[in-house]
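S.K.: I have a structure I would like to understand better, so I am pasting it below and will then ask my questions one at a time.
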Amino acid sequence: MTTIKTSNLGFPRLGRTREWKKAIESYWAKKISKEELDQTLTDLHKENLLLQKYYHLDSIPVGDFSLYDHILDTSLLFNIIPERFQGRTIDDDLLFDIARGNKDHVASALIKWFNTNYHYIVPEWDNVEPKVSRNVLLDRFKYAQSLNVNAHPVIVGPITFVKLSKGGHQTFEEKVKTLLPLYKEVFESLIDAGAEYIQVDEPILVTDDSESYENITREAYDYFEKAGVAKKLVIQTYFERAHLKFLSSLPVGGLGLDFVHDNGYNLKQIEAGDFDKSKTLYAGIIDGRNVWASDIEAKKVLIDKLLAHTNELVIQPSSSLLHVPVSLDDETLDTSVGEGLSFATEKLDELDALRRLLNQNDSVKYDKLKARYERFQNQSFKNLDYDFESVRTSRQSPFAQRIEQQQKRLNLPDLPTTTIGSFPQSREVRKYRADWKNKRITDEAYETFLKNEIARWIKIQEDIGLDVLVHGEFERNDMVEFFGEKLQGFLVTKFGWVQSYGSRAVKPPIIYGDVKWTAPLTVDETVYAQSLTDKPVKGMLTGPVTILNWSFERVDLPRKVVQDQIALAINEEVLALEAAGIKVIQVDEPALREGLPLRSEYHEQYLKDAVLSFKLATSSVRDETQIHTHMCYSQFGQIIHAIHDLDADVISIETSRSHGDLIKDFEDINYDLGIGLGVYDIHSPRIPTKEEITTAINRSLQQIDRSLFWVNPDCGLKTRKEEEVKDALTVLVNAVKAKRQE
């Protein structure tokens, strides 16, 4: 009988109570020393390693832990340093500056990691001299060994790393070949240090165009075979199905496949005999991206099927557990829903239950998890009926007619200025909200504070000279969690944090039941803000696609049904804002692109559903009401027509870190709706110059009709300091005023 082994691809960095985030931000704020930061993070890394050891994993990942981002770690490992940051010592301070920018230089681009809500720092190849320069991976592997942890190093593979990079004069293939000797050097150092195998993450090999670079992939791994290291390599793929016959032909020791998000294709390939039995199969059977407990009995059935076609089997999560919270231990959840949940720690417990059952015939833990899952499944969370057909899915009039009525009503100047929505969440704001939630202050005291903060920022915006204002969202902890707290069908946790980018953590709500709007969500704050000014104040909402993509979704209904339920709820709030006299309503969809399936065969339906849901949420308003939306930067070329089909009167897009790349996406489309391309990077504390903003405006106007163009920051300003926001917006408005005189 084959012995089943267990492993993991990666563990959350944040810590149970976001210790990682707090330590790093304290260091940035100069509240703790570098030595204190190092000690805190070392302690957290140790805790993560020993926790995984407690659940009897046969091999534990090292290299998943990072001070910011594992792709940026790889860039520094190979001396792929942006040209503007070259010449400095390669250390943690350089890492932070590349990621965040500084007073002299802009940060590197920040892009979604495949179709997740994690973001990576894009490697830049302009004028670089690749070499092994900072082997932190080796240091962390040796540290794990010192703890008597059976660890395996983790590194993003050469094909994926280069494919996610930008810049440089070399071709894709030339860049890969440049890195191969460096990867070999790193692999040899790890093997010499005692690594039994090395996890090489190549998720790019599950994407549509992977077949177009199969030749360079084969050349790369043949190179490693000739170097004598290939048999120690395990290629891990995740998020979709892989081309198994090709992967099996590579001279590596093992292959990792996703058996959760592959739509059943990977098992079909296994059963068709496409897997080379001389290799070890690393089977991703536990969902690494959602928080629902596994159907443990179904997982056992899957394992039995895989055992019939493999000689060595390791079971693992479908992807790194970076995408889920750390533990349920500190949560106080209603049992009816709580029994159906599984965070990172509980997923390790599921693996351990299967290992015990299959290797030791010990069914105690397995039976407990099976009974718990069955109790959850026996409940019904499908209780509501919906009338989707009675709600409009297109505006009353075309944009050309609407914009005339809107401009007459709003009377906006040339190149109107606005912000994306949120203003700084100061320590005082967070304290008041926490005190209110914990009932340490009265509703009246909290409402008074919010009104004072709204009034203060309305005046700040008027003094700066912005044209369309916002109330600042001080009552909101997160643009999705806020709606999760107020809409029926959502569950919000206390400690369910996950990393989005750098030290930015979000707490996705959990959709467990039918979604319904029961009362106004944002009307009071928005109407109050509008009462303080003659300038228009935007109502600020999050769109249905983003709410779904940034939540942990229920799995007992099709995505489209849940998405449309959310759209109906948002439509109710849009109409409530309009009825209250709000003239401009923004429905943000920053996550529309990130949810795009990795395989193009699913793109058309996804985009069709997304557009319909957005229009379901926004089309019932009158022509004179202006609908805005906002999206975060990504590769928009694939969805540019869908963006147009949303029929939003104005869209603002995060673009500054793309350094002009995004504008190319508008060359092939006559974009005839209002648009604002973000003119400065809000993810960096750096204040833009007037010249930089003017350059960004001029570059945008080469492709976009001036009468349709808006000027705005990249994104919401929640994470910035007040003085940074004031200074940056003042520069923005002054640049626009000068441009209006030309």
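Any Cβ shown, glycine's included, is placed from N, Cα and C.
For ARG18, GLU19, TRP20, LYS21, LYS112, TRP550, GLU594, the entry in Swiss-Prot reads 5-methyltetrahydropteroyltri-L-glutamate binding site. As annotated by Swiss-Prot, L-homocysteine binding site applies to ILE420, GLY421, SER422, GLU473, ASP588. If you look up Swiss-Prot, you'll see ILE420, GLY421, SER422, GLU473, ASP588 marked as L-methionine binding site, on the strength of sequence analysis. What Swiss-Prot lists as Zn(2+) binding site is HIS630, CYS632, GLU654, CYS715, and the listing cites sequence analysis. Annotated active site, proton donor per Swiss-Prot: HIS683, in sequence order, evidence recorded as sequence analysis.
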S.K.: Can you tell me the three-state DSSP label for ASP588 (L-homocysteine binding site)?
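M.R.: SS state of ASP588 (L-homocysteine binding site) = strand.
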S.K.: Helix, strand or coil for GLU19 (5-methyltetrahydropteroyltri-L-glutamate binding site)? Use DSSP.
M.R.: helix
S.K.: Considering only the recorded positions SER422, GLU473, ASP588, HIS683, CYS715, which residue has the minimal Cα-Cα separation from ARG18 (5-methyltetrahydropteroyltri-L-glutamate binding site)?
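M.R.: Nearest by Cα distance to ARG18 (5-methyltetrahydropteroyltri-L-glutamate binding site): HIS683.
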S.K.: Of the recorded positions LYS112, GLU594, HIS630, HIS683, CYS715, which one sits closest to ASP588 (L-homocysteine binding site) when you measure Cα to Cα?
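M.R.: The smallest Cα gap between ASP588 (L-homocysteine binding site) and any of the recorded positions is with HIS630.
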S.K.: Quick one: Cα separation, GLU654 (Zn(2+) binding site) versus TRP20 (5-methyltetrahydropteroyltri-L-glutamate binding site), in Å?
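M.R.: If we compare the Cα positions of GLU654 (Zn(2+) binding site) and TRP20 (5-methyltetrahydropteroyltri-L-glutamate binding site), the gap is 27 Å.
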S.K.: For the recorded L-homocysteine site formed by ILE420, GLY421, SER422, GLU473, ASP588, name the remaining residues of the chain with Cβ within 8 Å of the site's Cβ center, in chain order.
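M.R.: Near the L-homocysteine site, beyond ILE420, GLY421, SER422, GLU473, ASP588, sit THR419, VAL470, MET479, MET540, GLN586, HIS630, CYS715, GLY716, LYS718.
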S.K.: Sequence gap of 6 or more, C-beta under 8 Å: which same-chain residues meet both conditions with respect to SER422 (L-homocysteine binding site)?
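M.R.: Non-local contacts for SER422 (L-homocysteine binding site): VAL470, GLY472, GLU473, ARG476, MET479, MET540, GLY716, LEU717, LYS718.
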S.K.: Reported as an integer number of Å, what is the Cα distance between GLU19 (5-methyltetrahydropteroyltri-L-glutamate binding site) and the residue listed as 'active site, proton donor'?
M.R.: 21
S.K.: Tell me, in order along the sequence, which binding-site residues from LYS21, GLU594, HIS630, CYS632 have their CA within 10 Å of ILE420 (L-homocysteine binding site).
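M.R.: Candidates kept after distance check: HIS630.
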S.K.: Report, in whole Å, the straight Cα-to-Cα distance of HIS630 (Zn(2+) binding site) from HIS683 (active site, proton donor).
M.R.: 16
S.K.: Would you kindly give the Cα-Cα distance separating GLY421 (L-homocysteine binding site) and TRP550 (5-methyltetrahydropteroyltri-L-glutamate binding site), rounded to the nearest Å?
M.R.: 18
S.K.: Give me the CA-CA distance between HIS630 (Zn(2+) binding site) and GLY421 (L-homocysteine binding site), in Å, as a whole number.
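M.R.: Pair distance, Cα basis, whole Å: 10 Å.
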